[in-house]
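A quick write-up on the structure given underneath.
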Amino acid sequence: LGGVSGMDDFLKKFFPKVYERKSHAKENNYCKYDDQLLQLFTSSLYLSALVASFFASKSATKFGRRLTICMASIFFLAGAVLSAAAKNKLMLIFGRILFGVGVGFGNETVPLFLTEVAPIQHRGAVNILFQLFVTIGIFIANLVNYGTSMIHPHGWRLSLGLAAVPAIVLFVGSFVITDTPSSLIERGKDEQGKTVLKKIRGVNDVEVEYQEIVAACEQARLVKYPFRSLAKAASIPPLVIAILLQIFQQFTGINAIMFYAPVLFQTMGFKSEGSLLSSVITGLVNVGSTFVSIYLVDKVGRRKLLLQACCQMLISQLAIGAILVTNLEETGTLNKKLAAIVVLLVCTYVMSFAWSWGPLGWLIPSETFPLETRTAGFAFAVSTNMLFTSLIAQAFLTMLCTMQAYIFFFFSAWIVVMGLFVIFFLPETKGVPIDSMVERVWMQHPVWKKLF
């Protein structure tokens, strides 16, 4: 979307006022993209994903993880077709809403699926594959936008329509995978669940793990209203942490930078193609850095990765802010050397996010809830993420116009808060069985044990 919203052909058709403002030689650097409808085009996806995540939670519990993933692919496909065929803003935004429902169903179900099929010793790495492929998707999107920006006047239609390709892959894939043992047993398919457990573990002796899942499912069946049960002591620590992780993930400023990277780089003086190329570079860094997380998460643990990233992100954001405050006027551009330094700093920032707050923001909530509230609790995590993603998406360009380069100091302050949160409230969950979190993590933590 960041690349599409920077394409002149797209702006001329749907946001002519923004195009005129962008083309005006003396327009304020920080304000030329400030348009509420343009931001609504972005944020509408996340608002619909917010609502959809609660329906997805019910679907994942009642119909299973696999079928819910299939539903996500169908919504994605419909969104791609409608967006590519859009004749007016209404069709465009409705297409984004369908994309959003797909995001809500996919983000609710895929991390849970991965967590439930992964062996304990590799749970972090397997779950982070979700974030890895998100970053690969972002990188491919940047490449697509770079290519289609040179196709006039309908390159933007090709960009949005090509989202149908991963939707089709997801649809076909949903018929290849099997449901998770936890989901099958929870729905009364015990023998099928045991067979699947043997298959995914590659051994016949799965009795210990099978009995743990059965016990967790029996406990879960006693809970008639899982959303109400989130108020019980066992669910409060993971619920609070899941919600705050999603809020903090957005207030790192990552989505502001990744969504609007082409716009941001144009603000700094890059031409349209140059800004898209810069986005491709940051996308490549994003992908490469996620491999670091896959390698380290089950070795050094969750907390160390989060704290190291806070330091690196803080330094990067402060440096970007300082360069822009002192060198980028409301009109004019940065010199080439400083612009290159800013791109390097953005890469350093994206790098640290990609091996920490990006993947771990999804991993930790997916592994810490007890089974009886797992889908309900994770729905709160997904919906919180979507709510704050939409708020940032809706507000960023206006904030950029109002706060100018000081917006980077705003995000820096939040990174300090995040680091303190990790130090005092976030326990280490590396190597802890998913159904033993209450006894081995929450009841042992100096803060959270007071609830028990």
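Note that Cβ sites are derived from N, Cα and C of the backbone, with glycine treated the same way.
Residues or ranges marked as domain 'Major facilitator superfamily (MFS) profile' by TrEMBL: 1-430. Annotated transmembrane segment per TrEMBL: 37-55, 67-86, 92-114, 126-144, 156-177, 239-263, 275-298, 338-364, 376-397, 403-426, in sequence order.
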In contact by Cβ distance (the transmembrane segment (126-144), the transmembrane segment (338-364); 3 or more pairs under 8 Å): yes
Contact set, same chain, for the transmembrane segment (156-177): CB under 8 Å, 6 or more residues outside the stretch: 3-4, 7, 9-10, 66-67, 69-70, 72-74, 76-77, 79-81, 83-86, 95, 99, 102, 106, 113, 137, 141, 144-145, 148
For the domain 'Major facilitator superfamily (MFS) profile' (1-430), mean pLDDT (0 to 100): 87
Stretch contact, the transmembrane segment (37-55) with the transmembrane segment (92-114), Cβ-Cβ under 8 Å, 3+ pairs: yes
Maximum Cβ pairs under 8 Å to the transmembrane segment (376-397) - stretch from the list 67-86, 92-114, 126-144, 275-298: 92-114
Intrachain residues whose Cβ lies under 8 Å of the transmembrane segment (275-298), provided they are six or more past its termini: 2-3, 6, 121-125, 128-129, 131-132, 135-136, 138-139, 141-143, 145-146, 149, 257-258, 261-266, 305, 343, 346-347, 350-356, 358-360, 363, 430-431
Non-local residues, at least 6 beyond the ends, that sit with Cβ under 8 Å of the transmembrane segment (92-114): 14, 40-42, 44-53, 55-57, 59-60, 65-66, 68-69, 71-76, 78-84, 86, 126-127, 129-130, 160, 163, 167, 170, 177, 180, 362-363, 365-366, 374-375, 378-379, 382-383, 385-386
